[in-house]
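A quick write-up on the structure given underneath.
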Amino acid sequence: MIDRQTNEPKQKTRIILAPMQGLVDDVMRDLLTRIGGYDECVSEFVRITHTVHSRSIWLKYVPEIANGNKTFSGTPCTVQLLGSDADNMAANALEAVRFGANKIDLNFGCPAPTVNKHKGGAILLKEPELIFHIVKTLRGRLPAHIPLTAKMRLGYEDKSRALECACAIAEGGACGLTVHARTKAEGYEPPAHWEWIRKIRDSVNIPVTANGDVFSLQDYIGIKTISGCNSVMLGRGAVIRPDLARQIKQYENGGPVKDTDFAEVSKWIRQFFELCLTKEANNKYPLARLKQWLGMMKKEFAAAQNLFDRVRTVKDADEVRNILAEFEREMNT
């Protein structure tokens, strides 16, 4: 197959669903990978402190472990760890592997203040020596056949140590690196600095995955062109536009790109709510997750605002079920 941009033979592109704490849990991973287009997804981070987690904790955060490390659609799922104590992280990684995990990712990018306050996530970008120590320790203790990867931002306050941190990850023994093209201080404010991903890609000898501000097919083409990466991770854009990965795969496969409409999205919404109820029917989780998702999709679909307004004050699951079914009928007539 020929690349549409370069007219050269096309290299295989990988699309990965990002780990997003409190947003892309196992239910959202299940739904989005069913919709299609993903080659891999990464779990929400499992926080590592002073204890070694039991099997029940691993399955709580990454139930895919019990399904051969795959979502129900068959998409591989990687276990992500967050922490700063190399020995405890290694001990927990070994336990995760003992329970069935077959790939480990390390979080050096989470910008949440509460996480950073406890020396986790992006705060470690101030200490590339510690990053190297963590990666090297885990690589040394994990079985050789277990891939070890990492995700980082461009820095904490600024980008002055971005290349140093990336090299620490590569030299520590990671076999892959995902780069979110902002610093912690920049949060999610545009723009994402895709050109910095290329700088990092050119500085390390491991594959780099590009991440940041991919909300459309054109964004995907842009980040891939500027970064030079053949692997792209989708974050908020995947939730706001549930068919984004599917569109990208249609484009990469040379076929027509089909834009979804809200009639199709309404089916996914109802399916998502049922999956949430299956997971936790007796608390606020299903309603909270539904409203969270609709609140995000309002940016892309005007009809999402209409549906959000209908369910916003409803607290009964059966009433929400009826509203979703009625809305889906309206969308398909």
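Every residue gets a Cβ built from N, Cα and C, even glycine.
The FMN binding site annotation in Swiss-Prot covers P19, M20, Q21, Q80, K151, N211, G212, D213, G235, R236. Counting only same-chain residues at least 6 apart in sequence, those with a Cβ under 8 Å from the Cβ of Q21 (FMN binding site) are E44, F45, C110, A112.
Marked as site 'Interacts with tRNA' by Swiss-Prot: R47 (among others). Around the Cβ of R47 (site 'Interacts with tRNA'), a 10 Å sphere holds 19 further Cβ atoms from the protein chains shown. In the three-state DSSP assignment, the secondary structure recorded for R47 (site 'Interacts with tRNA') is strand.
Counting every protein chain shown, 25 other Cβ atoms lie within 10 Å of the Cβ of N107 (site 'Interacts with tRNA'). Under the three-state DSSP scheme, N107 (site 'Interacts with tRNA') falls in the strand class. Residues annotated as site 'Interacts with tRNA' in Swiss-Prot, with sequence analysis given as evidence: N107 (among others).
Counted within 10 Å of its Cβ, the other Cβ atoms near C110 (active site, proton donor) come to 25, all protein chains included. What Swiss-Prot lists as active site, proton donor is C110.
Here the Cβ of Y188 (site 'Interacts with tRNA') has 12 other Cβ atoms within 10 Å, regardless of which shown protein chain they belong to. For the recorded site, Y188 (site 'Interacts with tRNA'), the DSSP three-state label reads coil. Residues or ranges marked as site 'Interacts with tRNA' by Swiss-Prot on the basis of sequence analysis: Y188 (among others).
Taking Cβ-Cβ distances under 8 Å and a sequence separation of 6 or more, the neighbours of R289 (site 'Interacts with tRNA') in its chain are D25, V27, M28, F272, C276. Taken from Swiss-Prot, the feature site 'Interacts with tRNA' applies to R289 (among others), supported by sequence analysis.
The Cβ of K291 (site 'Interacts with tRNA') has 18 neighbouring Cβ atoms from other residues within 10 Å, across all protein chains displayed. Residues or ranges marked as site 'Interacts with tRNA' in Swiss-Prot: K291 (among others).
Among the features that Swiss-Prot reports, site 'Interacts with tRNA' is placed at R312 (among others). The Cβ of R312 (site 'Interacts with tRNA') has 11 neighbouring Cβ atoms from other residues within 10 Å, across all protein chains displayed.
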Site with most surrounding Cβ atoms, counting all protein chains shown within 10 Å, from the binding-site residues P19, G212, G235: G212
Minimum Cα separation from P19 (FMN binding site), reported as the residue among recorded sites R47, N107, Y188, K291 that achieves it: N107
Number of Cβ atoms other than its own within 10 Å, given for K151 (FMN binding site): 27
Top Cα neighbour of G235 (FMN binding site) in the set of recorded sites R47, N107, Y188, K291, R312: Y188
Coarse DSSP state, helix versus strand versus coil, of K291 (site 'Interacts with tRNA'): helix
Candidates G212, K291, R312 (recorded positions) with Cα within 10 Å of Y188 (site 'Interacts with tRNA'): G212
Subset of recorded sites (R47, N107, K291, R312) lying within 10 A of K151 (FMN binding site), CA to CA, in sequence order: N107
